[in-house]
Structures are given as structure tokens and as C-alpha cells.
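J.: Below is a structure I'd like to ask you about.
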Amino acid sequence: MALTLRSSISFINQKETKILKTSDDVPAIVSFAKVKPSFRLRVKNSMQEARPARDNSFNSEARRNEKWEKVHAPSVAHSHSDSKRVPVYVMLPLDTVTMGGSLNKPRAMNASLMALKSAGVEGVMVDAWWGLVEKDGPLKYNWEPYVELVQMVQMHGLKLQVVMSFHQCGGNVGDTCSVPLPPWVQEEISKNPDLVYTDRSGRRNPEYISLGCDSVPILRGRTPLQVYADYMRSFRDRFGDYLGSVIVEIQVGMGPCGELRYPSYPEANGTWRFPGIGEFQCYDKYMKASLAAAAEAIGKKEWGGGGPHDSGQYNQFPEDTGFFRREGTWNTEYGRFFLEWYSGKLLEHGEKILVSAKGIFDTSGVKLSGKVAGIHWHYRARSHAAELTAGYYNTRNNDGYMPIARMLAKHGVVFNFTCMEMKDREQPDFANCSPEGLVSQVKMATKTARAELAGENALERYDADAYAQVLSTSKSESGNGLAAFAYLRMNKRLFEGDNWRHLVDFVRSMSEGGRRERLPASDSHGSDLYVGHIKSTREKHTQEAVLV
């Protein structure tokens, strides 16, 4: 098996690579096409035993330098001028850590990190799955595969963003593996199915614990909020030596897919298909009790029996329903009451988790971020139906992202938003999409609220047009520019031919504030980086370095 990386430029520094320590029966070779001087690096052992270099002078100097570095980059901390660089991170595979509790394919990971470093990438992002780390029982944490990853990332001079992933992996767009919630949590759910979100027909969603029971001790004597806090505290204690230097950002999971939202459009078992409006998720007993109390508090007890009766089903369109149609119930006194309660509960949930995270990581030197979903379908409709079912009270008459931006800004949390790569003209007309309009609205909301904005692409894209769109949205001509960008996602395709060249072009352009649209022709055919098992040399004049 071989991994071929064709890059338009390589920045690997020989001094930096001397810290690599590997062992393997069959040498893995990293070779470059002819450059001046050409060289070949022979890596001699298995990355399962990879450790940072033991050269104390190097390590101490690196630590001193890292402590002085900003979390993203000094030039973009609170300023979004187009002349400022935007650091690029690359998301690691969802199965970076296996269900068995080990780092997945460590030698390939090492080679990939080396390539990303050569491309000028700032760092990588990884999910720290609750279902893997606390799998063996309450308060029994296994961080060891993540320790191995952190050390490998450090070894290559990269930074790391870690997602506190309190959700299930599997059943959503882009999910390529399955990581359920911890077994002991699933046991509690089986005893009490109301612990998870439920739709009007009674369908349970196992992706994430319902926010309705945030403060109820339903997890072996602890509340979900306490469980999340204990998990983050354990992470802080285990990785204290790396926080603020190697680990520079903690993205706090607050819902399905790690996003602050309700699971209103689940793809599992064909429940939802694009561009359906989705369904409200407020029918577990805890959410119903909260709604009933809110209705009674304003003297409208009859409004507290459940969600809207005329809001339709997952795969309908707004005009098919009484609630979401142009002059629907969404714009009545009842509709406003329900949407304010539904979105308010979500905002309250996010703030409680973030306040907890802020207290835990406050002096660690890391940034905190929270992710918001880019729900762009039916954006042009008055009701913005798909956003409403997800918990964003965003309509023709109400800005649903300003309250989120203000809450995040209040606690110094980065607003991380998706669909930065999408263009309106790429979307089907019947879906009434406007990803560009949505991104523009979020940029203005974060600018007004003085919240820092970071971005991601929503779908896997490798083409120059998608990168160009991100470059465009990263600028601050209207609203906030981007403080950082996370590319979804590292896989075999990313390292193929033009895909790799496009990524390198993109990273270069982002590092120059988007001013460079593409690399000069002289740099666009520079090198072929090949990582694999090579039995014979292809060039006569090479320099070999055995890395120990």
C-alpha cells in the first residue's frame, strides 16, 4: 500500500525532521522530485513507538517559543483585515482513534502530518469521542491514544484543535464510522428512553442526550452537565503540559455533530432527506415539562401540551404545512412563543456548557469555540423552516444568529460556522437555498456582537472553485473576516494530484490574507512527495538521511 502526495510546494525543514523517531521492519521512504538539492529521507522504524525527540535543548526551546505563540496567529486575534493571515487546520479522520482504544494507522498518520506541515498548514483538528474515552465506565477515562497523537503532532511542529465530542458518530452527513455514546450511558437510555431527543411521532434519537435533562442526575447520580464537566476536567489534567502550546483550541460539543442545534434532520435509516424541513425535537418528557411550565407562566396553559400540530413531517416543504407556509402559524403569537422557548432552551444549554468549559480551561492558554450548523436550505422562504426545527429562530422578521453571537462573545468563545465553501448557484432551485446569504448574515452578526468567527466547509470539496469561495468569505469586506479555517477532511483523496495542489494553493493564499489567487506557474509543478515501500531508487543523485 502506498500513499502518493503530489504537491506544488514543499517546506519540510531538515532540521525539524531530525526529531522524527520511527521503527519498522520495512523502511518507509519519503522522496521528492528533483529539486536543488534533491534529497531522500529514509524513515527507519514504526510510528507506534514515535516519541518527541529527547534533545532537551530542542524541547525546552520549543516550549519557550510555543508559550509565546497566540492560539491562532497574533495577526488575527481580534482583527480581520484582508492583509492578515488566516491559519488553516485540517480535520483528521473520524476514526483517528479506533474502537479498541488505539491510534489508527500511526505510520500513515505520521506521513500525512509530515505532508501537511510541508504544505504550510497550521495544524489539525481531532474529535475526542466521549464514547471511546469514557467507554469502560463512569469516570474511567482512557486518553492514551490521544496522548500518542498529541506527541506526534508536536513532533511535526503542528498545532492541535480538540473537539469535546459528546455526541454519537454515525447517521449524519459525512459520517464514515460509528462511535456510539458510552455503553453505560446507553444502558441508562434503555431504562429511560426520555433521556434522548424525541420527535412528535415518538421516534427516539440516540445521537445526544436531550438538553431537557441537563440538570437532572440521570447518569449514575450525575447530571449530563456534570458528566461533560468531569470529562473536560480530566482532559485538562491529562494534557496540561500541552495546553496553550500544542493544543491551542478546545471546541466544545453542544449537540449532534458537535453543533449547537437539535437533531432535526437525521439521515439515519432514511428518516430525513435533503431538502426536507425537519421536525421539532421537543417530545421527551423533560422537554414537554419545560414547555408546559413556560406556557403556564404566561397564562397560556393550552400552549404547553406539545409542539405545533401543523408543522409537518421531515421531508415536506414549508408550503406543505400550516406552520411554516408563507403566512403560517410561525408568525402568530403562539408561533413566536413556541419558537422563543425552543430556541431559548438551546441557547441556555450552550451557555451552561460553555460557562463550565470556561471555568475549567480559563488559565490554560487555549481558546474555546462552539460550532453552529450552516442550514442553508429554505433560507429564502419567509419562515426559514429548516433553521427553525434545528433551534435557530431565524425568520424574515427575526435574526436567529445574533443571540448566539452575543452569547459566544460574552464568554470569549469563537463562533465556528460551516458551509463557507458553498455558492448559491450550485444549489438546486427547488430547495430555496442561499448559503451565501446565510454566511453573510452570520458574518454581520458576529461583527456586531464582536465575536470572533472561524469557518469550515460543510461537505468534502477538492476543487479550486470551492477554495476560491472560502477565500472570498474569509475576507472582511462585509462583516467579520475569518480568524481561522478548518478543512474537512484529511483522507486519501486529499493527497491525490490536483487535489493536493489546490490545497497548497489555498493554504498559501490564506496565509497571505487571500490576496494571492493562485501560485505562480513556476511553483505549480514543483515536487512529487511519495510515501510508501520503495524497493529501488529512481534518481542517481540523492542525499539520504536516516532519521533517529
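Each residue, glycine too, has its Cβ placed from N, Cα and C.
Residues or ranges marked as active site, proton donor in TrEMBL: GLU259. Under the heading active site, proton acceptor, TrEMBL lists GLU456. TrEMBL lists ASP127, HIS167, ASP175, LYS371, HIS376, THR418, ASN457, ALA458, ARG489 with the feature substrate binding site. For 46-65, the entry in TrEMBL reads region 'Disordered'.
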J.: Given the residue listed as 'active site, proton acceptor' and ARG489 (substrate binding site), what distance in Å do their CA atoms have, once rounded to a whole number?
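T.: Spelling it out, the Cα of the residue listed as 'active site, proton acceptor' and the Cα of ARG489 (substrate binding site) are 10 Å apart.
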J.: Round to the nearest Å and give the CA-to-CA distance linking GLU259 (active site, proton donor) with ARG489 (substrate binding site).
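T.: Here the two Cα atoms lie 17 Å apart.
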J.: Where among the recorded positions ASP127, ASP175, GLU259, GLU456 do you find the Cβ with the fewest other Cβ atoms within 10 Å?
T.: ASP175
J.: Looking only at HIS376, ARG489, which of these binding-site residues has the biggest number of Cβ atoms within 10 Å around its Cβ?
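T.: For the binding-site residues HIS376, ARG489, the Cβ with the most other Cβ atoms within 10 Å is HIS376.
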J.: Counting only residues 6+ apart in the same chain, whose Cβ is under 8 Å from the Cβ of ASN457 (substrate binding site)?
T.: THR418, CYS419, MET420, GLU421, ALA466, VAL470, TYR487, LEU488
J.: Looking only at ASP127, HIS167, ASP175, LYS371, HIS376, THR418, ASN457, ALA458, ARG489, the residues listed as binding substrate, what is the longest Cα to Cα distance in Å?
T.: 25
